[in-house]
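Quick look at what TrEMBL annotates:
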TRANSMEM  A:20-38  transmembrane segment
TRANSMEM  A:45-63  transmembrane segment
TRANSMEM  A:69-88  transmembrane segment
TRANSMEM  A:100-119  transmembrane segment
TRANSMEM  A:139-162  transmembrane segment
TRANSMEM  A:183-211  transmembrane segment
TRANSMEM  A:223-244  transmembrane segment
TRANSMEM  A:256-281  transmembrane segment
Amino acid sequence: MLELFYSPFGEFEFMQRAVVGVIAIALGGGPIGVFLMLRRMSLTGDAMAHAILPGAAIGYLFAGLSLPALTVGGLFAGVIVAVAAGLVSRFTSLKEDASLAAFYLLSLALGVTIVSLRGSNVDLLHVLFGTVLALDDNALLLLASISTVTFLALAVLYRPLVLECVDPTFLRSVSRAGTPTHLIFLGLVVLNLVGGFHALGTLLAVGMMMLPAAAARFWSSDITMMMILSVLIGIVSGISGLLLSFHAELPAGPAIILSAGIVYVGSLILGREGGLLWLAWPGKHLEA
Amino acid sequence: MTTTAIRFDEVTLGYGRRPAVHHLDGEIAAGSLTAVVGPNGAGKSTLLKGIVGTLRPLEGQIRLGGAANAAIAYLPQAAEIDRSFPLSVYDLVAMGLWSRSGLFGSVSRKDRTRIEQALAAVGLIGFERRSISTLSGGQMQRALFARLLLQDSPVILLDEPFTAIDAKTTADLLDVVRRWHAEDRTVVAVLHDLDLVKRVFPQTLLIAREPVAWGETSGVLSAENLLKARRMVEAYDPHASACYRGAA
């Protein structure tokens with residue numbers, strides 16, 4: 001029985017690489033997802049994942065499915081959209097969700113058009129759903145670097161990030177760190193999405209951020225705990241998704257996100273912090 | 001000798017091109033206790049945002065005598081705080097140490113003592129680990145006053161600090177305000193309770209987009225001035241043309 005768990009990873013190098021990849025993605029994406037959720041920007045992550053597409057597509061147009069070209073292109077497009085949407089919402093009357101929706105729809109249409117200029121359906125699938133089972137050394141190094149940068153940056157930005165969520169007016173009154181913090185945070189979101197994009201594609205990359213974070217919210221109301229849980233849920237979902245895909249011959253990316261989805265639905269039902277079961281049967285009320 | 005804490009030079013503050021505070025000229029003395037009163041929409045909160053520096057004047061200048069923007073302790077209206085964020089009372093209050101601890105600074109044992117003292121001063125001992133989402137309106141305001149205490153600032157701005165707060169909490173927090181005044185800090189508070197203003201605040205600025213009256217509270221809060229303020233704020237010209245006052 002146990003063999004079902006470790007034999008795929010013992011026998012096949014591509015599975016070992018995939019595990020390292022999903023662990024790196026979970027380490028970076030987990031805490032970022034928690035902050036996206038607490039900042040009520042869950043859909044922003046989704047929008048930005050789409051925004052990466054035209055950049056990656058331009059990279060593809062020039063260099064085919066090459067790691068550096070897709071990465072640089074995706075980063076470039078993601079940062080432009082993130083910064084442009086952030087600035088539009090800060091300095092005009094349009095709210096961030098609306099400005100992001102405008103930018104990401106534009107970039108999604110542009111991205112699909114560019115890929116279809118040259119690519120086959122296989123290439124389009126690669127870009128949209130990633131290739132977690134074909135991560136080479138460079139891709140793994142990239143993913144590991146991204147999670148390292150994310151950890152370091154979050155350690156530096158932790159206080160202003162929390163302050164900007166709870167009481168942005170207070171932060172603006174004591175410091176000018178608000179706008180740079182927001183922009184650097186958006187940069188980290190893009191960075192993690194670009195990393196996730198190689199493994200899971202533009203459409204599913206955001207799943208490894210938001211599903212673990214949303215599930216973690218049902219188990220703790222402490223930010224640190226939420227980030228730890230989010231990372232652990234990401235790692236568990238990643239590994240079980242890979243196993244599911246291996247044994248049931250399912251596509252790996254969707255299997256990983258489905259696993260995270262199962263954890264999310266389980267947490268939604270059972271979670272101690274506002275899960276459905278606890279809401280339905282809260283127990284007898286307490287003394288006043 | 002009185003020195004100036006905040007000086008307004010023909011200040012106009014607003015949103016887009018429409019002024020919310022129009023051509024305010026005057027000064028707030030260091031160590032004074034000033035109430036800002038006026039009808040809703042009179043520009044009171046806008047004025048505080050201008051002083052803190054989160055809103056830049058459309059025209060004119062706000063000068064701070066000595067204190068930098070970041071040294072001002074500012075209590076915004078409670079509605080602007082996300083109470084659903086998972087944060088403890090202790091951590092919320094500890095934010096008041098920002099100017100000293102900044103991004104990385106650790107919270108020393110001395111800081112911990114100061115946080116405990118601030119919590120004690122506002123009657124929140126025992127609430128340290130409570131999440132801010134579980135606090136009542138009055139308890140939240142107490143916590144925010146504790147944060148102001150920690151900021152230890154020479155200039156303190158309060159935006160409607162006692163709105164929807166019960167009498168006991170108001171009385172306790174007014175004691176904190178009186179203590180600040182006794183310590184020669186400059187306190188400016190936006191308020192709606194005129195009886196409270198008359199009892200506690202020696203100076204008052206009555207504003208209705210344009211300044212109506214400014215000085216000793218008893219003189220400023222005359223029936224005539226209050227009526228004038230109400231009329232001024234109700235007058236709204238959708239086709240207002242550009243203002244050239246002061247452009248000589």
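Cβ from N, Cα, C; glycine included.
Because the structure is a prediction, the values reported are computed rather than measured.
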(Q) How about the transmembrane segment (A:69-88) with the transmembrane segment (A:223-244) - do they touch, taking at least 3 C-beta pairs under 8 Å (6 or more apart in sequence) as contact? (A) no
(Q) Does the transmembrane segment (A:183-211) come close to the transmembrane segment (A:45-63), meaning at least 3 CB pairs under 8 Å for residues 6 or more apart? (A) yes
Q. Looking at A:100-119, A:139-162, A:223-244, A:256-281, which one has the highest count of Cβ pairs under 8 angstroms to the transmembrane segment (A:20-38)?
A. A:223-244
Q: Compare A:100-119, A:139-162, A:183-211, A:256-281 by their Cβ pairs under 8 Å to the transmembrane segment (A:223-244) and return the stretch that comes out on top.
A: A:256-281
